[in-house]
Each structure stands twice: as C-alpha cells, then as structure tokens.
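Asks: I'd like to ask some things about the structure below.
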Amino acid sequence: MKGHHHPSAITGLFLATICLLLTVANAYTHYRLPTSIQPDRYKLKVITHLENPANLTFNGQVSIRFLVLEDTKNITLHVQNLTIDESRIQLKRYANKKIQLCTEGTQTVSEQDYYIIHLHETLRKGEMYKIKLFFSGILNEKLHGYYRSSYVAKDTNETKWLSVTQFEPASARAAFPCLDEPNYKAKFVIWLGHHKSLTALSNMPLEKQIPVNGINDFVWSIFEESVPMSTYLVAYTVNDFTYKESKVEGSDVVFRTWSRGGYIDQCDFASEVGPNVLKYYEEIFGIPFPLKKVDEIAIPDFSAGAMENWGLITYRETALLFAPNISSESNKERIAEVIAHELAHQWFGNLVTMKWWTDLWLNEGFATYIASLGVRNLSPEWDSYNADSLENSLSIFRRDAQLSSHPISQPILNTSQIGERFDSISYKKGSAVLRMLHMLLSQDGFFEGVRDYLTKHKYQNAEQDDLWSAFTEKAHKFNRIQPEYDMKTIMDSWTLQTGYPLVKVNRNYETGTIDITQHRYLENNTISEEEAKKCWWVPLSYTTNSELDFETTTPKKWLECDESGKSVPLQLQNVAAANEWIIFNIQLSGVYRVMYDFDNWILLNATFNSDKYDTIHVMNRAHILDDVISFAWSGYQDYDIAFDIMEYLTKEREYLPWKSALDGLSNVIRLLRPFPEQHAYIKTYLRYIIQPIYLNLDGLNNTIETSKSHSQILLKSLVTGWACRIELEDCVRTAINYFQQWKLSKNPDTENSIPADLRSTVYCTAIRHGDKDDWDFLWQRYKASNVATEKRTIIVSLGCSRNDKVLRDYIDLTFDKAEYIRKQDVTFAFSSIARSEVGAPIARNYYAENIAHLHEFFGTQSTDIGKLLVALSNQIITTEELNKLTQLVEANKQYFEKSEKSVQSAYETINFNIQWIGRNVQDMKTRLHDRLSLMGLLKDIVGE
C-alpha cells in the first residue's frame, strides 16, 4: 500500500489511530534488547539523600554515548521502578552537539522493563549519538538495585543509614536507565552527590571532590573513567564507614577493607587475604589487575554472599569479617574462599564476561574452582583444596541426580529465569568439571589454555565454545588427548546435558576381563528411554591393591560416545588379579559414581576393615563411602554393603571420609525420625561408629590448641555436632554444662569461654534440651553481639528448641519487620526451625498461611520463597502433606515465577521421601536389629 493516498480526512484520522494502536499493540516484547545501538560511555550523576529516614531517595542524570549499528527510529533502554522526567529527554548527534533531535513520545513494556523512546527521524548506521535522561527513585528495602541498609551505632544507640548497589543479574536498570545486558560493555564516569560528612565509593579511584550547586553541605565525589565493563558490575555506595589499608610486595594494587566503625578490628584477616590472593592470580593468569585499587566492604544488609563489582567488592558481614576467638575455623576458611572467589571474578566475569546468562557458569564455575587454588596457595596447611573438591562433588551428586536438575549451560529465555541459575550446578558442578579438565590437561596445559582464553577475549564477551577451542589446542600440544579427539565434543557432554554418569564395572574373575558401561545416575533409580540414551565422555583413571598408584589422575582409558551419541562399551584385559580389588576415579578426579560387582565390593571391604585402610587415598575413601551410602539410599544396592564398609570408620581419623559418611547418613536419620524403633536403632549404630573418634578428639573438651591442624578442628566440629545429635551422653552433658556456666558469668556478652569451633554444637544442644529461660538468654546474646558470624550461629541454634510455643514465637519474630533478624538471615532461621521434628509442622503451617506476606517481604526479584519450600520438602513424608503443598503452589502460582526449579526439586524430594519410606522402613528395622544383635548392642536400647 506504500504511496497510496486516501482523500478522506476521516479515513486518515482513522488510519492514524489504527497506526498508533498498532504501534502500541506491536510493542517490542522480545526478552533481549534490539541490536541497533552499542553504548560506548555512560556519564552518570547521582545525588543520594540519607538525611531523612522517612524519605530515603536518589535522583540523577545519565548521558549515554552510543554508536548506531543499524538504522533505527527508536532507542530501547531498560528502566525499572524509576521516574523519568520526559520533558527533559535530550538527544544529540555526537559530532554536532548543538542540534537537538526530536523525540515523538515514549512507551514502556513492563514485563521486560523496556523504556522505548520513539524518534522523529532515523538514526543512521555508523554515527555516534548522545542521549541524556533525568531520573529519580526511592532507595528500596529489597536488597537489589540501589538500596538502603542501616545499623545501630553501639556507643550512641543511633540508627545510621547507608546506600549501596547490587545489580547482578539485572538490577542496574532499577538505579539508572541503561542497556542492562552483559554484552553491552561501556566505560563509566560516575559522579556521586552526598553529604560532605559521608564517604562515597565506586569502582574506580576518586579523582576529586567539588561542591554541589544549590545543596548546602553536599559534595560531588567524582571518580576516574572506568575500564569497559558490563552494567551489572557498576557499583557505588554512600556510607560513614572506616577502613584498613593493605598491600603486598611486588604488587601496586592498594586494598582497603571497609566496615562500620565498631567492626574495624574484624577486618584484619580479610585485609591480609585480599592482596596475597590477587598477586597469586596475577602470576598464574599472566595478566595484571587493571585497576589501582580494590575496596572490599562489609554491608549490614546484603542478599548474596558477596558481589564481584570491579574494584568495589561488596560482602555480607559474615563473608568478610573475622573476630579472633569468636569466629570459628570454618568461618575463617569461608571468608578466605569468598574473597578468593570474588577476586577470581576480576578476570573471569569482569575482564572476560559471558555473552548472555546461558553461560553464567563461565563466571561462577571458574571463580569457584580458581578460588580453591587461591586458598590452597594462601594456606596449603589447611588441605582445603581436597575438602572443597569433595564438598562440590557431594553437593552435585545429590542435586544432579534429580530429574529437575538442569545442564551447566542452558538457554535462558527470560530475565525471570536468571536468578535461579545462581545455583549449585553453575557454581559447584561448573567447578568440578573444570577440576576434571585441570587434572586431564595437567598444570601447564590448563593454565596456558586459561591465559590464551583471557588474553584473546579481554574487555569483551565469550561463550563456552571459545574456552573449548583454547583447551583443544593445549590438549593436543601436551599430548593429553588423541589427535582425533577435541575438547568441545568431550566437554559438551558434561555441560550441555543434565546429570552425570554411573560407571558400572563388572569383572570376570576367571578370564580377567573387566566390562565397563555407563548410564545416567538417578536418585529414584528409574531410567526413561530419553535418559538411557545419554552418554558422557568419561576419563577413566584406576589402580589396584598391588599397584596402589593414587597419584596418577590422568585417564588410562576413555569411555567414549559414538557419532550418534550412544555409549561405546569398553572391555579391559588383565588389569587386576582375581584376588585384588580395583578402584576407579582416582582422587575423585572425574564427575562420576562407580558401581562395582559384588566380589569387588567384598575385596574393598576387606581392605577398609583392616589396618591397611589408609593405603587407599583419603579422597577415594570418601568417594567410596558416598557411593555405597547413595547406592543404598537410591535402591541400587541394599544397606548391608554400606553398613559393612562404614564399620571401618571406628578407625578413621581423617576429616573427609567422616564428612562424606555423615552427610550421606543425615537423610537416613531424618526419614527414620517418625519411627521410634528404627530411629533408636540407627542412633545406637551411629553411637557405636562415632564413639572412638569422639574420644580420640577428647570430646567436647577444649583441647584444640593452635598446634591442632585446620582439618582436625573441622573434624572435631563435625563429630561433636553429630555426637550430641545422636545423644552420646558425655556430649550432651558437657554441652549443657558449658552453656549453664556461661549463663552464670557476670557479663556474658564479653565473657564466653565456650570454644569458638564448638559453639554451634553447644548452643544447639543446650537449646534442644533446655527451657524458655535458656532460649531467652541466647536471644539476648544475639541482640547484643557485634560479630556477624556469631549472630548467624545463634540464629540457627535458636531453631533447635523442642518447645512448640517458643518455635511459634520465633518464626513470627523472624518475619517481623520491627525485629532484629535481617532479611538476608531469615532463611537460616526458618530452615533451622523446619529441620526439627517439632518445628517442621510449625514451619509448614506458617508458610501456607503467610505465603502472600512472604512474597511481599522478600520482593519480586527474590528466589527465597523457593528456598524455603526446599527446606520444607526435606521433612515431608506423606502423600497427604504433598497434596496440601501442591494445592498451595497451584493456588499461588504468581509467587513462584522466580522459583520454578525449586518447586520441581521440592516435589521430587517429597516423592522420593515417600518412596524411600515405603521401601526401607520395615527392612531397616530387621536389618539394624540383626546387626545390633550380632554386635551385642541391643542392650543399649531402652525397652529391648
């Protein structure tokens, strides 16, 4: 119809109306921005008002200089919860700044946060333009975007307010208009207007301060122009904090560790860790850190653990602040790990960023794995590398055995799906797969590949195929894979499909052959046709008890997939004599479980239950324990093999096997709790297993001197926690005694002689066996404490009570805005209540009755509603309760949009709980009764 005119004005008007309607109806609604413009530089000026607590606001202006990549008649930006002054929008050609171009109105598409500016004339490809917008907003309470936080100053009892940003994944748009996708990297010049008595920080060093015209006592803090970066890494804060400065020899980067005034003495440990880890990364990556400074700041209200904003890293107080003699050894390790993780992001994520959130794991998996190397370099005596590797494997072996899991790299088709992707698959499975790659390629091959990848893509964006091409080259150079293999084929099998393989090893003891096959390992032990087709490229490392080579982690063979993606069975000849065992997956270097034939289990059991158990590497002892307990849990094998092998634990003195076994058994104890006889049996069995190590570690007595190793301290925390849970008499008595002594002290807030590493056990045990007076005492200590790690320990311990009324009051108080538990900590309180037999129904009812309030409490961006649901699901064991929960979710679908995966996982957990109980409750009764009878332990059970 182009060029055809109607004479009728009415028709023209009608057509214009139709056109307008069409424009609105055909609004651009795709979840990704149009690709017509590329921002090059933002100049952002923001004034923050913290003077009036009833009206905490900000206002500002942003100028975006951009290049036009395709002719366009509109500019589409992201804006969320901001007021834009439409009368002041300015658009100019960059070459001719005098002439203003006309706009023809604006339009919003709220589901994608689009703010579309329609233009009078076409912007031409290849030209630069500059758009300026004026905006204002409220400093929100939801812990994302540009938000408020506060604390009460100890000396004056006065509430102090601060402002801070949290933009990842998609909340820069809630602070200023921008193109809020990771591939739109640009430079930023930031001006922060604030009261002169406060400090402003941003990504870059401060350049100068000048007065703000028209506002008394306000100054502009003007920061240097930034390196090119994604919007989600922009950060700024206005506060009244103090800092500790640090740097190390051989590096020019200055660190400042910031906290609220009264907490500055808790910054010492972090200020030491940061510069040392950063220097190590500069060495191994061969790329210097591009900024002159790093500010690390502990924020009182903070939703994530920490955020890697370039040059201004924000933390929860628990993740940065360490109080000697109050914070525990595991707090110390966690702080080192978080700092190392965030600093690794300065290269993986900041310097090289994923093109889109589909490949989030390139950020998180890498930062998690590299951090374990960073901490190992910082404190090799901790043996944290193996502990981290085991922890990651245990976590994903559970989550990834569920049908509701997802691939490491999976398309994200809406911004609402991004939040849930910050999960154990992206972080821990991503890390485990990179560790597998590191062990396959060796140190030189791995780090040469990493350096090439970072150098090639610095200040740009990449996807996982870019990584595979860097690694293929090194794998061939160092002869780590056959010439016809490539890393993309191998690694795609690990990153593009859900799950991991169960490798089945079947030996023929007469002919000496070993047949090896694979299929997906599923917790519920069912395999659909779809799942049966899956195949992984599995690196097979192995050793025997005559060889005992637990150091060679490189694969001797591969389980391969053919061209159609089917698994190719493998047969090995004469690897082991008929009377010796074989162990696959040396040091748990691969992400797979191993199921042996019955006779190989018998041979392994004989070594485990002999004084030669420690000839098997500690990582393999831990792995085998986890496998046998999991095979029994999922019905692949019965519980006899697991119980037989576990009996060797009476001799085990290392942390990792205990961690593995007790993690695996916690589920069994949980599901047997409602069945008094079975519960008594399993507790008696566990007391028998744990008593020797408990006594070896001197129980709950305070004998942890500085000479004790880090892993022995962790072992003591773990074992005593369990000993008190299964009511080993000495443990409970000692814990209660510690607590009562503390209650009698003159000033309990400064005089607490309970060893830091045993506090969680002592507090929980004393509250579980105590009364309301004990609970109130600990609650007062929570309110008075100025150590975040201690406050977290107390929050969890308060949920250990078995008093119905106390727990009801606690759950109300948890979600009461006027109270003392910060929003980021409520999930810890709720989960602790939901874990106990008395608390589970209270937590369920509260959740059902207050679902709308909870959604409002956390805010629409949060995935916490899903996290609470997962905590509840672990305790649900009847079809009736499952139906109630399903009805609740169905009736309130709008609250679960950000938690789809959590909902699926919760249903799957409950269905499995019901199935497990049906299969095991009677069987456990007989099996444990007979075992305890043989061991002469039945007399220990009341009523037997």
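Each Cβ is built from the backbone N, Cα and C atoms, and glycine gets one as well.
TrEMBL: automatically predicted annotations, no manual curation.
When I checked TrEMBL for this same protein, it listed these features:
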type	residues	note
ACT_SITE	Glu342	active site, proton acceptor
BINDING	His341, His345, Glu364	Zn(2+) binding site
DOMAIN	38-233	domain 'Aminopeptidase N-like N-terminal'
DOMAIN	269-494	domain 'Peptidase M1 membrane alanine aminopeptidase'
DOMAIN	581-910	domain 'ERAP1-like C-terminal'
SIGNAL	1-27	signal peptide
SITE	Tyr427	site 'Transition state stabilizer'
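Tell me about the surroundings of these features in the structure.
Replies: Counting only same-chain residues six or more apart in sequence, the Cβ atoms lying under 8 angstroms from the Cβ of Glu342 (active site, proton acceptor) belong to Glu296, Ala306, Met307, Glu308, Ile313, Tyr315, Ala367.
Over all protein chains present, the Cβ of His341 (Zn(2+) binding site) has 28 other Cβ atoms lying within 10 Å.
Cβ environment of Tyr427 (site 'Transition state stabilizer'): Trp361, Glu364, Gly365, Thr368, Asn392 lie under 8 Å away, each six or more residues apart in the same chain.
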Asks: What is the pLDDT of the domain 'ERAP1-like C-terminal' (581-910) when averaged and given as a whole number?
Replies: 95
